[in-house]
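S.K.: Pulled these features from Swiss-Prot for this protein:
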type    : residues  : note
REPEAT  : 2-39      : repeat 'HEAT 1'
MOD_RES : 2         : N-acetylalanine
REPEAT  : 44-81     : repeat 'HEAT 2'
MOD_RES : 55        : N6-acetyllysine
REPEAT  : 83-119    : repeat 'HEAT 3'
REPEAT  : 131-165   : repeat 'HEAT 4'
REPEAT  : 171-208   : repeat 'HEAT 5'
REGION  : 315-344   : region 'Disordered'
MOD_RES : 335       : phosphoserine
REPEAT  : 370-407   : repeat 'HEAT 9'
REPEAT  : 515-552   : repeat 'HEAT 12'
MOD_RES : 558       : phosphoserine
REPEAT  : 563-602   : repeat 'HEAT 13'
REPEAT  : 770-808   : repeat 'HEAT 18'
REPEAT  : 809-845   : repeat 'HEAT 19'
REPEAT  : 961-998   : repeat 'HEAT 23'
MOD_RES : 971       : N6-acetyllysine
REPEAT  : 1099-1133 : repeat 'HEAT 26'
C-alpha cells in the first residue's frame, strides 16, 4: 500500500508540471492505476487525488481536461462518500461558471459520475446522497433561465439522472416537476425538447400525486390553447409521457383523445404530425383504454395518409395500362421537382399517419377483417407516394398487416377451421391484383430503398399466401431481372431480389415459370459468379430451385431443359471446385450440384463422374461432409438412376465411419443415405461394404436416442428385404441390442413400428438361427427363465407386439404358439409375468388373426379376470377386446352378454369393449351400434367414477361411427335428472374431438354450445368435466369454440374464484385438516385459460384475463404453478398489456419468493416451496425480458431484494443460465 501511495504522489507531482505532455502522461498513468481493482487509497491520498483531478478540469490544455474527466468514472468508486460529494459540489459550481469551456467539461463530469453510480435497485446510500446533492443545484440552474446553454446542460443531466436513479429522488419529484413545467413555454425550442425528455423519465418513477399534477397541468393548458407553439409542445409532451409510462396515462385518455382529435383539424402541419404521433403512442402503450377510439384514429390516419396539397396524382391514378406502361416513368420522375417545396411539411403528416396505421395493425389482431376492408386498399393506393421516407413507412405498415395475417397456428389455415364468410386470407387474396399493379411501377424505380421494400413485400405476401402470384408472374419477372442486372444497384438489393425470387419459385408450380426461364437464367448465373459471397450464396439457392422448375421430377413436364443445363452446371461447378470460398457458399454449391445431378444427371455425360469425384473429396472434409451426405442421399433417390458405381467403393466405407462420429445430425443423415443406397444400388454394393456398415450399428441401437435407433432399425429392415444374405452377420451384438431395446419402456411410436417391420422382414429371410422359433425364444426367453425381471409393463406390450408381428409373417406357426400361450395362462404354476405376456400376446395375435377356432380361449381369459394380480386382470381385459376385433360376430355379442350378466367384472369388460370400439373398423361395428349404445346408457349413471369414464369414452368413440344419429341422442341426455348421466355425456363429447378433420366436426360445431351450457350446471362435478371438454376443444380444434367465447368466458372465469362454502375441515386423529372441494374445478379453469393463450389469443380481452391470472397468483400451489407458466407466455405474447399490470403482478410473486416454510415441516413441504420459488423466478425472468419492465419502481425494488438475498440470487442466476442455454439449443440447426 505504501508503494502505491508513493507512486500516486509521484504522479500528482508531475501533474503540476508546466509541461502539458508531463501533465497528460501523469493523468493517463493515474487513470490506469484507478482502473486496477487492487488499488487502495488512504484518506490523505484520496483528498489529494480528488483535489488534483478537479484542478485539472480547468487545465489550459483540452486533452488534459478530457483525460481528467475520464478519471472521474473510476475515481468515484474508489474514494469515500464525502470525497464524492466534494467532486459533485465542485462540478455543480463549475457548471454555473462564466467560462464556457469549464461549464462544458463540468457537465460532462457530472454525467460521468452519474453513469458510475450503482443502479437504484442496489439500494446504495452513496447513489442516493449524490443524487440528492445534484438535484437541488440542477433545479435552481434550470429555474433561473439566465443562460440557455447552462439550462440545456442541466436539463440533460437531470434527464440522465432520472432515467438511472429516478426511484431514489421520490422526495424531490414535486420540486423537479415545479422547475420543469415552466420550461415547456421557454422561447427556446431546444429547452422545451429537453424538458419533455426529462419529464418522460420522471413519469417512470414518480408517485401518483406528481403524475396527476403533471397530467392535470397539461390538460388545462391544452384546453386554454393559448398559442399554437405551446399547444404543439404540450401534445409532444403527452406523447412522450405515453411512450414512457403508457400504463399510467391510460385512465386519462377519455379526456386527452377528444382534445387531440380537435387539434388534428387545425390547419397546422406540424401540430397534425405531433397529434398523430401521440395517437401512435396511445395505440402502442395503452391498448385497453385506446380501444373505443381506434376507429376514430384509423379514420384520421386514412385521411392524412393521402394529404398532399402541393401535388396532383390524378394523371397516374386511373392508368389502366399501368401494367405495360413502363415508358412513362421518367416523365413522372421529372415532375417531382416542379412541385417540391422546401416549406412543404405535409410529408411529415403522411409519414406520421403511415406509422400510426402500422401501430394499429400490429397491435389489434382482432380487427384484421376490418383492416382488409379499409386500411389495406388505402395503403396499396399510397405505394405511389412521392416522398421516399414516407413510401418506406407505407410499405412497412403493409408488411405489418401481412405479418399479422400469417397463420401462426396451422388450424387458422386448415380447411376444417370451419370459419364461414370472408377471412383475412380470402380478403387478401382478392386484393393481390391491386398490390401487384401498385408494385409493378415501383420495381423499376431508381430508388434502391423502394425496390427493396417491393421485394420484402412480395416475399411476405407469398409466405402468407403461397401461390398468390400465379397469375402475375409475367408482370413481376421483368422487375426482378431489372434489379439483378442493374450495375449501379447495391449488394443488399441484389440479395433481396434473389431471396424474393427464391421464395416465389418455392411457392408456385413450375409451369408458371417455364415461359420466363430464358430470361431468368442469365442474370441468376451471373449472380452465382458475383465476387461478393452473400450474392453467390443466395444465387445458388435460386439456381437449385430453378433446376427443380426446368425439370420437375414429381410431375410430368413437356418443357425442354436442354438449352439451360450447360450454363447452370458450369456456374455451379466453378463454385464447387473453388477452395477458398465462404463456408455457406461451399455448402450451397454442394446442395445445388446435388440437385443438378438428381434432376439433370442423365444429360451431363462425362462431367458426371468427375463431379462425383469432387463429392468424394468433400465427403472427406469435416466441414462439408454433412452437406455432401445430404446431397448424395438426394442423388441416390433420383428416379433417373444416376450411375454412382465410380464412388461407391470408396464412399460407402467413409459413410460407415461417420456412424461412429459424435455428431447426431451426421449419424441420421448417413443412415438415410445408406438406406436409399441399399434400396437402389444393392447390386453395386459388395458384402465387405455392407459388413463395414453393420460393424458400426450396435452402439446406435440404444434407448438413449430413439430417433437414431429407429433409423438404424429401418436400415436393417431394408437390408433384410433387398440383401438378405448379409443378415447372417447380425445374430451377435446387433440382435442383442435389438432384443434389449424391445424390453425398454421407452420403445414406442415410430421406433416400435420400425422394430415390428424389421422382425417381419427378418423372419421370412430364412437366415440360419434366425427362424420363427429362434426369434420367439429370444424375445420371450427372459420372461420364462425369470433370469431378468422386466420391471415395466410397457416391455410386455412391446414383446407381445413383436410376437404378433412374427406370427403374422409366418401364419402356419400361429396355432401352435397360440395353443402354448393358452396353456401358459391356464397353468397354475405360471408366474404373473408369464401370464401377463401370454395374455398380451394372445390379444396382439388375435387382433389380426381370427382365433375363434381356439374353443377354450373365452373361458381361459374370463378365468384370468379373477387373478389376484391387477396387471394380469388388465391384460386379460385388453386381450379379450383385441381378440374380439379379429372376429366381431363371434366375440362382440359374447362381451356384451358378459357385461350384462357379470356385474362384478363390469369394469374390466367395459375396458374390453372400449378396445373393440377404438380398434374395430366402422363397417364391422355398424350392425352392433344400437345394442352397444343401449348397454352403455344403462351404465352411464354408475356411481363409480372410473366406470363412468370408461362408459363416456365408449359413448364418444361410438358416436364417431354414426354422428348424425348418435350426437343428437347424446345431446338429449343433457336434460337428464341424474348429474352422473350429465357428466358422462359431457365427457363423451371430449372423446369425439381430435386434432385432425373428422366427419363429425360440422355437426359438433353446431351443438357444442349446448354441451358447454353445462358450465352453468348446479353440480360441481358436471361443471368440472365441462371445463375439461372445453379445454380439449380449445387445444385440439379451437375453431369449434372460438365463436362461443363471449358466452363461455364469464362462466369460465367464474370458476377461477375460491369458494368459501366448498372449504371444510376434516379431523384426522388429533389433527385438523382443511379440504378444498373447489380446487379441482379451479385447476381445470386455469388449465383452460392457459390453453386459450395458444389457440384463441385474438378473441380474449387480455386485461380481463389478467385479472384472473392475478387471483391465481395468490391461490393454491397447483394453481400458482399454472399462473406462473401463464405469465411466462403472456410476457412473450402481449408484453404491453403485462407491462400495464406489472405493479400488481410483482407483489404476489414477491410474496411467493419470500415465504418461509415452518422449521418442523415435512421434507415434501420444503420441496414444494422450492419448486414454487423456482417457477416464480422463471416468471420474474420472463417479465424482465419486456422492454422497460425494470423501470417499474416495484420491479426494481424486487430485483434489489433478489440480489441481496443469496438464496434467491442463486435461483435467479441458474434460471437465467437455463434460459440462455435453451435459446442456444433452439438455434442448433442439427
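Backbone N, Cα and C atoms are what each Cβ position is placed from, and that goes for glycine too.
The shown structure was predicted, so the numbers you read here are calculated from the model rather than taken from an experiment.
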S.K.: Quickly jot the same-chain residues contacting the repeat 'HEAT 4' (131-165) by Cβ under 8 Å, restricted to those at least six beyond its ends, or write none.
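M.R.: For the repeat 'HEAT 4' (131-165), the far contacts come to 85, 88-89, 92, 95-96, 100, 103-104, 107, 110-111, 114-115, 117, 119-120, 171-172, 175-176, 178-180, 182-183, 186, 188, 190-191, 194-195, 197-198, 200-202, 204-205.
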S.K.: Rounded to a whole number, how many Å is the Cα of residue 971 (N6-acetyllysine) away from the Cα of residue 558 (phosphoserine)?
M.R.: 57
S.K.: Quick one: give me the count of other CB atoms within 10 A of the CB of residue 55 (N6-acetyllysine).
M.R.: 13
S.K.: Given a Cβ distance threshold of under 8 angstroms, which distant residues of the chain, six or more beyond its ends, lie next to the repeat 'HEAT 19' (809-845)?
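M.R.: Distant contacts of the repeat 'HEAT 19' (809-845): 759-760, 763-764, 772-773, 776, 780, 783-784, 786, 789-790, 793, 796-797, 799-801, 803, 851, 853-854, 856-857, 860-861, 863-864, 867, 869, 871-872, 875-876, 878-883.
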S.K.: Have a look at the modified residues (558, 971) and report the one with the fewest Cβ neighbours inside 10 Å.
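M.R.: Taking 558, 971 as the modified residues, the minimal 10 Å Cβ count falls on 558.
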S.K.: Below 8 angstroms Cβ to Cβ, which residues of this chain, lying six or more residues outside the repeat 'HEAT 13' (563-602), approach it?
M.R.: 517-518, 521-522, 525, 528-529, 533, 536-537, 540-541, 543-544, 546-548, 550-553, 608, 611-612, 614-615, 618, 623-624, 627-628, 630-632, 634-635, 637-638, 640, 642
S.K.: At the level of the C-alpha atoms, what whole-angstrom distance separates residue 55 (N6-acetyllysine) and residue 558 (phosphoserine)?
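M.R.: If we compare the Cα positions of residue 55 (N6-acetyllysine) and residue 558 (phosphoserine), the gap is 88 Å.
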S.K.: Taking a Cβ cut-off under 8 Å, which residues six or more beyond the ends of the repeat 'HEAT 1' (2-39) line up next to it in the same chain?
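M.R.: Residues packing against the repeat 'HEAT 1' (2-39) from afar: 45, 48-49, 52-53, 56, 59-61, 63-64, 67-68, 70-71, 74-75, 78.
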S.K.: When the repeat 'HEAT 5' (171-208) is classified with DSSP, how many of its residues are helical, how many are strand and how many are coil?
M.R.: 30 helix, 0 strand, 8 coil
S.K.: Counting by DSSP secondary structure, give me helix, strand and coil numbers for the repeat 'HEAT 19' (809-845).
M.R.: 31 helix, 0 strand, 6 coil
S.K.: Please classify the secondary structure at residue 558 (phosphoserine) using three-state DSSP.
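M.R.: SS state of residue 558 (phosphoserine) = coil.
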S.K.: Counting each residue once, how many in the repeat 'HEAT 13' (563-602) are helix, strand and coil under DSSP?
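M.R.: Going through the repeat 'HEAT 13' (563-602) residue by residue, I get 35 helix, 0 strand, 5 coil.
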